[in-house]
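One structure is given here, and the rest of the page talks about it.
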């Protein structure tokens, strides 16, 4: 909670001192823009009701006081008085050290290697218990993957899985697709060959940010699923070869898919994507779908390929992958912007039948946020 406040003589900002002794400065224009009163924000949905042009350019702090854990500010020249909860100000403080490491991950993310057990949650518990659902979604948000076990063994059950948190993203493959051996397949995923760890559909813009794979049959020998944390692989490259990391993050790769029925998809994005302030936000890695790299300067191409090769070596490192075999009624979700998935080759004896679909993280995060608010998380 705030303990005291001091407004600068210019009125352009104030300094808030909290009970723990920490201090944060807030600008007048920022406070006015983020006012929580019903004339500025809709009480129903929190959406802003004013534009930046509605706020006077010379907005300044006329008075500021702390009382009962809240900050009350009067703005000139409007003469408008607004109260801000101290907890809200603490959680939204921006007067912090912004000089963070390039290539860092979000504090909400936990990177991992082969020592990470595959988190597993029960289908019925997730459907019936909000806390179990919250824990399931939280694992996907933190780790980038999780299993769901004891589900129904029926076609299309993965659609029910997606509806627990969001919506299926339909593509040219349909609402969902089959993953099993085919004669003359249009995609290598439909063969019995092993697949290198990869992210799906890098040739789409934007890529589907979640993938669900649901097992209906799995009596074939082999065919274990493997997941690899792309963020951890990129961290290893960054620590070993910062210049190589910068090349993969600072130059776009190209990805392409030509399928049947007139489908031709292209995208131009970096293999390692950073936010403007340097946070790692996405990995795209799919050797099968890589198009010729034509956006890297001639003098950097060999170094780019060396970094690409090294990233692939980290991804293929057995110490990086978590493996498991899905049983009928089991499924797993991966964050397709972070976690790569692979498959060991399987024999022609027995049968292996999975169904897959795509979804997006906005629905997952929305459901998780609502559950956290309800459960006090």
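Using N, Cα and C of the backbone, Cβ positions are placed for all residues, glycine too.
Binding of Fe(2+) is attributed by Swiss-Prot to 198, 200, and within the candidate set 27, 341 the record adds 341 to that site. Region 'Disordered' is the annotation Swiss-Prot gives to one range among 70-94, 95-119, 120-144, and that range is 95-119. Remote same-chain residues near the region 'Disordered' (95-119) are listed as 23-26, 139, 141-147, 227, 229, 231-232, 234-235, 238, 245, 249, 272, 274, 277-280, 318-322, 324, 332, 338 (criterion: CB distance under 8 Å, separation of at least six residues from the stretch ends). A distance of 9 Å separates the Cα atom of residue 200 ([2-(trimethylamino)ethyl]phosphonate binding site) from that of residue 341 (Fe(2+) binding site). Cα separation, residue 198 (Fe(2+) binding site) to residue 288 ([2-(trimethylamino)ethyl]phosphonate binding site), rounded: 9 Å. Fewest other C-beta atoms within 10 angstroms, among the binding-site residues 200, 286, 288, 343, are seen around 288.
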